[in-house]
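Beneath this line is the structure, given in structure tokens, with notes to follow.
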Amino acid sequence: MTQYEWLQTTLFLVLLLAVVKPMGAFMAKVFQGERTMLSPLLVPCENLLYRICGVNRDEEMDWKRYAVAVLLFNLALFVSLFAILMLQHLLPLNPQKFPAYTWQLALNTAISFVTNTNWQAYSGESAASYFTQTVGLAVHNFVSAATGIAVAIAVIRGFARRRTSMLGNFWVDMTRCTLYVLLPISLIGALILVSQGVIQNFSDYKTVPLVQPITYDKPKADGKGNPVTGRVTVKDITIPMGPVASQEAIKELGTNGGGFFNANSAHPYENPTPISNMVEIFLILLIPFALTSTFGVMVGNTRQGWAILGVMLLMMAISFAVLQGVETSGNPLVAKLGVHGVNMEGKEVRFGLAGASLFTVATTGTSCGAVATMHDSLTPLGGMIPLGLILLGEIAPGGVGSGLYTMLAFVVIAVFVAGLMIGRTPEFLGKKIEVREMWMSIITVLAAGVVVLILSGVAMITPQAVASKANPGAHGLSEVLYAFASMANNNGSAFAGLNANVDFYTILGSLAMLVGRFAPAVAVLAMAGSLAEKKYVPPSLGTLPTDKVPFALWLMLVILIVGALTFFPALSLGPLVEHLTMLGGK
């Protein structure tokens, strides 16, 4: 790394960590119903929404009612977005006259945005109208993020409360999250992005002449269906427009990741400068990191929140260092051709290698899935870093809400295993960890992984799925594994060599996204409900301290062991084999 890259990365981390505590404390006040600096402005809006929707803010829910509310709300969201996509050609704000989506693509896209995955089997600038982008996709960026945060807050209450079955009110949590957290920060973020050159308009697409016409041979079929080429001359180009900045801010803040354009955050209209790149990474990481502080405040043990933050940050830092190192080493096959230096294929020069690596780690360590570099163009070991971060469950630091509750499931497993090793009843924050909590934690941690391995195996023996791969061999397997890992873990990024707009991937991918989103969410709510009913057990001499460095290291070891046991065979056949092949000169 150059001195500039060291300075850039260090300043970014210092700024990010500086806002973790105040942001975490602010969110704790919001979800505990305490007064904040935004209360004079937003409390009337909040109360009005409750009256319109018939919500009793003082009525709380047990875990079953909370889970049902989550599922029903997301079902309603799915129906609304599916209808918008299927009726796109009849709705306003469609200056390019885009047709309706096919039902398979509409199904996949609606589920994708409802589950916070934002997997896109289409190109935004050539398929989605402005109405679809704003009323459909951008709105769901807010509510899907709010859903994940609400579930995390309910889980925190499960650890904090004693001898009660109540976890809060989903409608209140979601409303407060949207009004007090997501909307204000998104507004500020959008204004900053506009200042950097991100576009925000509802203009028609612009057709402009090229300075010099381009002539090339385009493949086509003759009258008998035989492949031939035809000479084509291009004299002008169409430049897409749209309300990008407003969607870009919540896309990153809510760890959604669905791009307005096909190139996502590598597109100069979404991410034009190194400053906008750092702003977007900051938005991606802000809430996942700050929620650890919120957790510490709400359970009355801030050291515990910092311990969890430390594990997340260490895993992310190691991933960044490894990715930066292997990409700096370059590709030996390219070096043989006389092109030495770092691997800059698929990366934006305006961001540099460090900016690209940091964005890659941030977007796959969370459930964001936005991309500022082409993951398919990373070296084999470089590509294994984002793939590995996704497969581990996106806990470094994870998506908004989902990252924290998945990490807490790992904490429960780590406490349980450590308790068995020292012959003590496992306890965490004064709550005994028993069989029910372990089962729910295992479901939370392994649900997505089971889906990934099963569907990847099915894909490798299905002709349509195999034909969708652009690459054979180990890299082709990596593309398939990455696709299902991304969908099942609600990430949304991809190795772009895979054609995902075929029935196999749109339908089975939809199933993967649903299971990966809602199975863990319901499981952790059940765990939280069980914990909330338990009495508090004061710490004794035999209690394992979970807010110290030894336990933090033990937690990270448990995470890596679970990930290695689950996915090492698949990774061995994919990126590891590809790396050895590359070293062998093939």
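A Cβ is built for glycine as well, from the same backbone N, Cα and C atoms used for every other residue.
The feature transmembrane segment is assigned by Swiss-Prot to 11-31 (among others).
For 67-87 (among others), the entry in Swiss-Prot reads transmembrane segment.
Sequence annotations record features per position, and here Swiss-Prot assigns transmembrane segment to 136-156 (among others). Proximity of distant same-chain residues to the transmembrane segment (136-156), defined by a Cβ-Cβ separation under 8 Å and at least 6 residues beyond the stretch ends, is recorded for 31, 63, 66, 70, 73-74, 77, 81, 84-85, 113-116, 118, 128, 167-168, 170, 173-174, 177-178, 181-183, 186, 246-247, 250-251, 253-256, 258, 287, 291, 294-295, 298-299, 399-402, 404-405, 408, 521, 524-525, 527-528.
The transmembrane segment annotation in Swiss-Prot covers 179-199 (among others), and the record cites sequence analysis as its basis.
Sequence-distant neighbours of the transmembrane segment (279-299) (same chain, 6+ residues past either end, Cβ-Cβ under 8 Å): 12, 15-17, 19-21, 23-25, 27-28, 31-32, 149, 152-153, 156-157, 159-160, 181, 185, 189, 192-193, 196, 248-249, 252-255, 265, 271, 305-306, 308-309, 312-313, 358-359, 362-363, 366, 368, 370, 372, 397-401, 403-404, 408, 429. Among the features that Swiss-Prot reports, transmembrane segment is placed at 279-299 (among others), with the record citing sequence analysis.
Per Swiss-Prot, the feature transmembrane segment maps to 306-326 (among others).
Here Swiss-Prot flags 351-371 (among others) as transmembrane segment.
According to Swiss-Prot, the feature transmembrane segment maps to 381-401 (among others), an assignment based on sequence analysis. Same-chain residues lying 6+ beyond the ends of the transmembrane segment (381-401) with a Cβ under 8 Å from its Cβ atoms: 116, 145, 147-153, 253-255, 285, 287-289, 291-292, 309, 311-313, 315-316, 319, 322-323, 326-327, 343, 360-361, 363-368, 375, 407, 410, 445, 448-449, 452, 478, 481-482, 485-486, 489-491, 493, 495, 559-560, 563, 566-567, 571, 574-576, 579.
Look at Swiss-Prot and you will find 403-423 (among others) tagged as transmembrane segment, backed by sequence analysis.
With a threshold of 8 Å between CB atoms, the same-chain residues lying at least 6 positions outside the transmembrane segment (442-462) that come near it are 391, 393, 405-406, 409-410, 413, 477, 480-481, 484-485, 488-489, 504-505, 508, 511-512, 515-516, 519-520, 523-524, 527, 562, 566-567, 570. Under the heading transmembrane segment, Swiss-Prot lists 442-462 (among others), citing sequence analysis as support.
What Swiss-Prot records for 507-527 (among others) is transmembrane segment, and it gives sequence analysis as the kind of evidence.
The transmembrane segment annotation in Swiss-Prot covers 551-571 (among others). Counting residues 6+ beyond its ends, the transmembrane segment (551-571) has Cβ neighbours under 8 Å at 307-308, 310-311, 314-315, 384, 387-388, 391-393, 395, 410-411, 413-414, 417-418, 445-446, 449, 452-453, 456, 477, 481, 544-545 in the same chain.
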Looking only at residues six or more beyond either end of the transmembrane segment (11-31), which have a C-beta under 8 A from one in the stretch?
153, 168, 173, 176-177, 180-181, 278, 281-282, 285-287, 289-298, 305, 309, 313, 358
Going along the chain, which residues at least six beyond the ends of the transmembrane segment (67-87) come within the CB cut-off of under 8 Å?
61, 100-101, 103, 105-107, 109-111, 113-115, 131-132, 135-137, 140, 143-144, 147, 150-151, 170-171, 174, 518, 521-522, 525-526
